[in-house]
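What TrEMBL records for this protein is below:
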type     : residues : note
REGION   : 1-60     : region 'Disordered'
COMPBIAS : 22-60    : compositional bias 'Low complexity'
TRANSMEM : 97-115   : transmembrane segment
TRANSMEM : 127-149  : transmembrane segment
TRANSMEM : 156-173  : transmembrane segment
TRANSMEM : 179-200  : transmembrane segment
TRANSMEM : 207-225  : transmembrane segment
TRANSMEM : 252-271  : transmembrane segment
TRANSMEM : 289-307  : transmembrane segment
TRANSMEM : 313-334  : transmembrane segment
TRANSMEM : 365-386  : transmembrane segment
TRANSMEM : 398-416  : transmembrane segment
TRANSMEM : 423-440  : transmembrane segment
TRANSMEM : 446-464  : transmembrane segment
Amino acid sequence: MSDLTKEPAATEPGAAEDAETTEAPATEAPATEAPATEAPATEAPATEAPVTEAPETDAPAADAVQAAAIDPRLLVREQGFAGYLNDFKRRVRGGELGSLPVIIGLFVIAVVFQLKNSSFLSADSLANIGVYTSGLGIMAVGIVFVLLLGEIDLSVGSVAGVGAAVWAVLSVTNGVNDWVAVLIAIATGVVIGALHGFFFAKIGVPAFVVTLAGFLGWSGLQIWMMGKEGSINTPSGSVVENLTGYYFEDKGAAYGLALVAVLAYAGSLLLDSKRRRAAALPSRPLSEILLRTGVVAVLAFVVAYVLNEPAGARGLPLALVLFLAVLVIADFVVRRTTYGRQIFAVGGNAEAARRAGINVNKIRISVFAVSGMLAAFGGLFIASLSGGATKNLGSGNTLMNVIAAAVIGGTSLFGGRGKIWSALLGMLVIQSIQQGLNLLGMASEIQYMITGAVLLAAVVIDSVSRRTQKTAGRT
């Protein structure tokens, strides 16, 4: 019996061990059942099925989605006057003020000075504004090109002086043909500008430093070319003298030019509308084209009338015609050509433009060459107004007025944003202020202070506009 009692005792440990060994898989059973617990995870895609069906719920509204994808700004013309009003509000809220502040400023300036002096809007006063606007305005067009790159050119004043000096020395002193001397003077500006662009684009010297050095160096060359006397008078009847001294006294010429301008403007609108329709893009309706053309026609013929009909009117100045021609050509280049779009691209983001295959260095050099060319051309206008080339031509407030005109007109100092016509608007603001203050007998220091305040206001508006656009997500 004792053996029998011991036998079970001996077998119990074995049984216990067997139980433990047999239970080990049992303990692992939950592990083997883990896939079972993961089965819901495998069913997760089933739970995501409604998400994959989301496009199916949108399928009936495909047309609505396509319509919503269209930029609402492209539908403005289809909405008529209400669309333009809503678009105007949207632009103001988004900081896209454009030329609106300048146009309002010009209107206020005209009203204030006309109330102070009734001769402000007279034919003679407007002719003076047009003539004095032309030379500096042409130089401002070159500055607009540079500002579109996000750079600055501080040498335009001295380049203008060198251009005038080259013409005077060749034509007056050495008897070179007047037209040839003018072309060489303008070509000199191109070479100088390209040299600035080379040092900036290829060597990597900041444009500010390059053009500042150019301002000093070319000023020295100008003084040396003028010799001991320091000035060379403009001969009567010369090409340069006629730049600002010639007026279209024939009324038919003035009205004819106004008609040509109106027809050219209408033609450009029609061509643009045709091109957009061919590309399946929203285009201007005929009613809008007629309205815009009508506004331009009224302005053109009013200017022709004011400059020709009143007593004492001298006619349409040649200088203003040449300035407008430069504006039209430059605007076409900037807005209608690949080269112009590349300028905006480089000014907006040079690295992105480079990756897009644009030759950034070539664009930069060419833009500075354009600035130099227009600076030299503008210098000839200044020489015509002052009666000759002098060692001080282009110094003083010339640089300030040129840069201020471009900025006041609406061209951004930060690059990639602006219009060629801003040179005209800015110069009209500056010259209108100066003309009005001269009529009121104000001192020149007052003119400087007011011009400086207007320039500061323009830069502030530009900065606030950019900040607003970033907030609105439009930049």
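Backbone N, Cα and C atoms are what each Cβ position is placed from, and that goes for glycine too.
Annotations in TrEMBL come from automatic prediction, not curation.
Quick caveat, the model's predicted, so the values are computed rather than measured.
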Ranking 97-115, 156-173, 289-307 by the number of C-beta pairs under 8 Å to the transmembrane segment (423-440), which range is first?
97-115
Cβ pairs under 8 Å only, please: of the recorded stretches 156-173, 252-271, 313-334, 365-386, 398-416, which one is richest in them relative to the transmembrane segment (179-200)?
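Answer is 365-386, with the largest number of Cβ pairs below 8 Å.
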Does the transmembrane segment (313-334) come close to the transmembrane segment (252-271), meaning at least 3 CB pairs under 8 Å for residues 6 or more apart?
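Result for the transmembrane segment (252-271) with the transmembrane segment (313-334) is yes.
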Top stretch among 97-115, 156-173, 207-225, 365-386 for CB pairs under 8 A with the transmembrane segment (127-149)?
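So the stretch in question is 365-386.
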With CB pairs under 8 Å as the measure, which of the listed stretches 97-115, 156-173, 313-334, 446-464 comes out on top against the transmembrane segment (207-225)?
156-173
So, does the transmembrane segment (313-334) come close enough to the transmembrane segment (97-115) to give 3+ Cβ pairs below 8 Å, pairs being at least 6 apart in sequence?
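The answer is no, given that the two segments have fewer than 3 Cβ pairs within the 8 Å cut-off.
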Relative to the transmembrane segment (156-173), which of 313-334, 365-386, 398-416 accounts for the most Cβ pairs at distances under 8 Å?
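Between the stretches 313-334, 365-386, 398-416, 365-386 has the largest tally.
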